[in-house]
Amino acid sequence: MLNTSCMKPGAVARFYIYDNHPTSDSTRCPMNREKRTEIFRRLRDNDPSPTTELNYSTPFELLIAVILSAQATDRGVNKATAKLFAVANTPGAILELGEEGLKDYIKTIGLFNSKAAHIIRTCRALVEKHDGTVPAERDALEALPGVGRKTANVVLNTAFGEPTIAVDTHIFRVSNRTDIATGKNVLEVEKRLLRLVPKEFLHDAHHWLILHGRYVCIARKPRCGACLIEDLCEYTHKTED
C-alpha cells in the first residue's frame, strides 16, 4: 500500500531508478526547501571555504589544469602541472614549448595527445583574441578548443567567483541519490541545482557536492555511516559503513 501521508492533495506518485534501485517518492517525505537548506548548512559548517583540489595560481593555470583533468585524477594532473608550470605558465610560454614539447610534460595523463593539441590551439586563441588572458565570459570560454560547458563552469566559478555548477559524475550521483536535484543528464541536473540550491550556498555548492561525492557518497558503496547529511538524504539503499 502506498504511504500518502507526505503527499500533497492531488499529487501523483513518481518513481525513480538510480544505481539500479527503484525508489518511490510516495513512500517517504520528498526533498524540500528546508531539507536542502539544512544539507548545505551542514556542508558549509563542515568546510566553510571549499575549493578545487587542482593546484593553480592564475586563471590560465586553472584552465589548463581543468582541460587536463578530463578522465584523469586531480593528483595525476597536479604532478604533471607542477613541472609544466615551472617552465611554462602563460599561453606564450606554452606555445614556445610546442605541441611535442608540451606532450613531454603531460604524457602521464590520459588522452595526452588530444589534450596537447587542444591546449596549443587554446593558447593560440588566447594570444590572438584575448591578449593572452583568460576571458571571464561563458561564450568566449566555450569558444576555446577543448573547453566545454563543464570546464567553463569550473573556471567561471573558481577563478572568477561566478555562481556556476560544473556537474561531473560525482555531482550527478550525489544530486540524484539525495534528491537534492534529480535529472536524467548533467545539464538537467545543473539547471535544477541552480534553481533549487538556496542562493546563499550557490557559490560553493559545486565544491561541496563534488567533494562529498568523491570521499563520502562514493559510487559503489556510499559511506552512509560517516555522512553528515545521512538523515536528510532520500537514498533508500544506505550502508552502515
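Numbering starts at 1 and runs along the chain as it is shown here.
In case you wondered, yes, glycine gets a Cβ from its N, Cα and C as well.
What TrEMBL says about this one:
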- Cys217, Cys224, Cys227, Cys233: [4Fe-4S] cluster binding site (BINDING)
- 68-215: domain 'HhH-GPD' (DOMAIN)
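Features per TrEMBL, on structure.
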| residue | record | DSSP class |
| --- | --- | --- |
| Cys217 | [4Fe-4S] cluster binding site | coil |
| Cys224 | [4Fe-4S] cluster binding site | helix |
| Cys233 | [4Fe-4S] cluster binding site | coil |
Q.
If you count other CB atoms within 10 A of each CB, which of Cys217, Cys224, Cys227, Cys233 wins among these binding-site residues?
A. Cys217
**Q.** Overall pLDDT of the domain 'HhH-GPD' (68-215), taken as the mean
**A.** 97
Q) To test your reading of the [4Fe-4S] cluster site: which residues beyond Cys217, Cys224, Cys227, Cys233, same chain only, put their Cβ within 8 Å of the Cβ centroid of those residues? A) Arg177, Thr178, Val216, Pro222, Arg223, Ile229, Glu230, Tyr235, Lys238
